[in-house]
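This report refers to the structure that appears directly beneath it.
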Amino acid sequence: MKVLAAGVVPLLLVLHWKHGAGSPLPITPVNATCATRHPCPSNLMNQIRNQLGQLNSSANSLFILYYTAQGEPFPNNLDKLCSPNVTDFPPFHANGTEKARLVELYRIIAYLGASLGNITRDQKVLNPYAHGLHSKLSTTADVLRGLLSNVLCRLCSKYHVSHVDVTYGPDTSGKDVFQKKKLGCQLLGKYKQVIAVLAQAF
């Protein structure tokens, strides 16, 4: 495994972040002061809403592209194989304060970014010629990275939050082919479900 960031990488990150589609999402160190690299734009919440809307509008087509690329038995057994039963997924409470919702959004986006990295890595091996799927996964990961950066900027500039504890989904590298496909399908089913809620909440 290649360590993509210089310096000491937290053990949790090493164990669970195997992001094959690019560099890791930025995770703020525990001792970081609340300072952003660039001033936050004045329309930051609009950008966050737009990014959530963009992700929501493309989530279903990504899900369809994914399960179609896996072949049988996935397209005809979606309820069984792709149900969004992701037990360790971070919670979201739409009726919380803006600060609480942004912290939960940050956790969800970090979780999804790491999971998409695993899915992308697996799909490049399992379905090397599914270029449309690879491209869609990569585009989604790029938007997630931008969204994560914007959420952190808002948390830092308005609420002085410099660190959010995050968790990651299961690492798929030791799973068999079918389990990799199934976990990816379940995760994208959950992503489609939760991104619709998030888009409404902001």
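Each position is counted from 1, following the chain as shown.
Positions of Cβ are set from backbone N, Cα and C atoms, glycine also.
The annotation disulfide bond is assigned in Swiss-Prot to C34-C156, C40-C153, C82-C185 on the grounds of similarity to another entry. Sequence annotations record features per position, and here Swiss-Prot assigns N-linked glycosylation site to N31, N56, N85, N95, N118 based on sequence analysis. Positions annotated as signal peptide by Swiss-Prot: 1-22.
For the pair C82 (disulfide bond) and N118 (N-linked glycosylation site), the Cα-Cα distance reads 17 Å. C40 (disulfide bond) is 36 Å away from N85 (N-linked glycosylation site) when you measure Cα to Cα. Put simply, C40 is the one of the recorded positions C40, N56, N95, N118, C185 whose Cα lies nearest to the Cα of C156 (disulfide bond). A straight line from the CA of N56 (N-linked glycosylation site) to the CA of N95 (N-linked glycosylation site) spans 20 Å. On the backbone, the CA of C153 (disulfide bond) and the CA of N95 (N-linked glycosylation site) stand 22 Å apart.
Taking the Cα of C185 (disulfide bond) as the reference point, the closest of the recorded positions C34, C40, N95, N118 is N118. Around C40 (disulfide bond), the same-chain residues at least 6 positions away in sequence with a Cβ under 8 Å from its Cβ are N150, C153, R154, C156, S157. DSSP gives C82 (disulfide bond) a coil state; it is part of no helix or strand.
For the recorded site, C40 (disulfide bond), the DSSP three-state label reads coil.
If you count neighbouring Cβ atoms within 10 Å for each of the glycosylation sites N85, N95, N118, the highest count belongs to N118. Comparing N118 (N-linked glycosylation site) with N95 (N-linked glycosylation site), their Cα atoms are 31 Å apart once rounded. Neighbour counts were taken as the number of other C-beta atoms within 10 angstroms of each residue's C-beta; across the disulfide-bonded residues C82, C153, the minimum falls on C153.
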